[in-house]
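*Asks:* According to TrEMBL, the record shows the following:
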REGION    16-47  region 'Disordered'
DOMAIN    88-338  domain 'AB hydrolase-1'
ACT_SITE  SER171  active site
ACT_SITE  ASP196  active site
ACT_SITE  HIS326  active site
Amino acid sequence: MSSLQKSLFKENSGLSKTLSMGDISEEESRDSLGELPQTLSNTRDRNDYSPIPWEDYFPISLDIGIPGTDDVFRTYEIPANNPNSPIFVFHHGAGYSGLSFALCAKKTHELLNGDCCMFTYDCRGHGATHTSDETTWSLERLSQDVVDVVTNYFGGMEELKSRDIFLIGHSMGGSVVAEVASKCLLPSVMCIALLDVVEGYAVEALAAMASYLSTRPTDFDSLERGIKWSVKSRTIRNRQSARISFPSTLREVGHDTGKTKYVFRADLAASQPFWEGWFSGLSGKFLLARAAKLLILAGTDRLDTPLTIAQMQGKYQLVVMPEVGHQLQEDDPEKTAQTLVDFWKRNERLVLPPRTLTI
């Protein structure tokens, strides 16, 4: 989650939870050369923080109920050309939603010419998912949710055995997919990718998490103001992605004055008992996974000693994207997608043509 990134803590340290969104200037910051002349339409577009329909990126969205429970998970899919094609499963970080992968998933699908399915969902306590227990975010619970959602969506374990799987997880979601892969909870996992999450760095950053949460605004007057805050605070550095994903991190509530307000959907403060459990032992689980491994980071300073040694031994591929923030798949969806596609093509299962005998 964004609170795990030290640079984000620093960027948000000056923001008060009582900050009025009207106090944020409507103008973009200017460089030392001053502002170049722009047309009125360009200026308006630059200041557009209205929501963008997620349906433009995920043509299929279903609410999947888990048998024997009252849990209903919101899922999003970009289907493959072939129903038996490989599946890319994306798991978002704490406080976000499956829509944080909208731009990245669409670009990945395009680069693969539609030959792989893109699938994500809102995890427990997030987005449009509703469960009987919204606050138990233990690693065991979230990992079982992955298994329950994926198997129920794609027709069961036997059906999944015929389809290769690429697990991709951001921040907390990286810990979840590492747990799933290391314990072989899903069949046919060929690849695993962690996005900006490293055990040593994450555990160290936990001390600042509560402080970061206290600096966030408690509510917003509109979705536009929420989106604008997410961009101005550099929580999400890509305005287009923020317009798609950030509304799903908020929920509408009534106000004492009768005026509509929007508050954060996920109660991150209530998840504090689970923070350390998400990241403890992450490096070992990642390296233990019986799959090709990819780690994408927003800076080399995040790499801890065990993963530094393992990288030198060639046990996984490391890619650093220095020009992005913690939400790297949103900040630069094109580069993230290209990295995932290149890694997949190097590690996908080869399908050899039938062998013919000549006499």
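Note that Cβ sites are derived from N, Cα and C of the backbone, with glycine treated the same way.
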*Asks:* Reported as an integer number of Å, what is the Cα distance between SER171 (active site) and ASP196 (active site)?
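*Replies:* A Cα-Cα distance of 6 Å.
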*Asks:* Quick one, of the active-site residues ASP196, HIS326, which Cβ has the fewest other Cβ within 10 Å?
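*Replies:* So among ASP196, HIS326, the active-site residues given, the one with the fewest Cβ atoms within 10 Å is ASP196.
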